[in-house]
Amino acid sequence: MHRFVLVATGGIFGSLARYVLSGVAQKLTTSSFPYGTVLVNLLGSLLFGLVWGILENRITFAPEARLLLLTGFMGSLTTFSTLTYEGMVLLQSHMWLQAALYIVGQTVAGIMLVWFGAGLGRLV
């Protein structure tokens, strides 16, 4: 039960962070393009890599820290389900190029940012 509480606690704060960050980012533009989702997915990828790099290489953390930070917080901060839904909406709107850039761009950039964040975390 303790592990579920850790994941849920991290999830509460991660989802609140996603809601605030994506809302602020979306309000800064008049475009209907989902910039808020892009921001949280890319920032989340960078932070995931950073935390992972720190947890794996620099600081000895209990396995519970991984559950709280990576599974709970980071899992609810990033929004793959939202990415796929908004990608589908772009496709249904016949916005082929935007959909491709949205989906492929975030996926490639996310992988690169996890790698960069992990490297950065190893240096900390």
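Even glycines carry a Cβ here, placed using N, Cα and C.
Lifted from Swiss-Prot, the feature list:
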- Gly75, Thr78: Na(+) binding site (BINDING)
- 4-24: transmembrane segment (TRANSMEM)
- 35-55: transmembrane segment (TRANSMEM)
- 67-87: transmembrane segment (TRANSMEM)
- 100-120: transmembrane segment (TRANSMEM)
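The stretch in 4-24, 67-87, 100-120 that contributes the largest number of Cβ pairs under 8 Å to the transmembrane segment (35-55) is 100-120.
Within its own chain, Gly75 (Na(+) binding site) has Val7, Gly10, Gly11, Gly14 as residues 6 or more apart in sequence whose C-beta sits under 8 angstroms from its own. Taking Cβ-Cβ distances under 8 Å and a sequence gap of 6 or more within the same chain, the neighbours of Thr78 (Na(+) binding site) are Arg18, Val40, Asn41, Gly44, Ser45, Phe48. With a cut-off of 8 Å between Cβ atoms, the residues of this chain six or more beyond the transmembrane segment (4-24) that come close are 36-37, 39-40, 43-44, 64, 67-69, 71-79.
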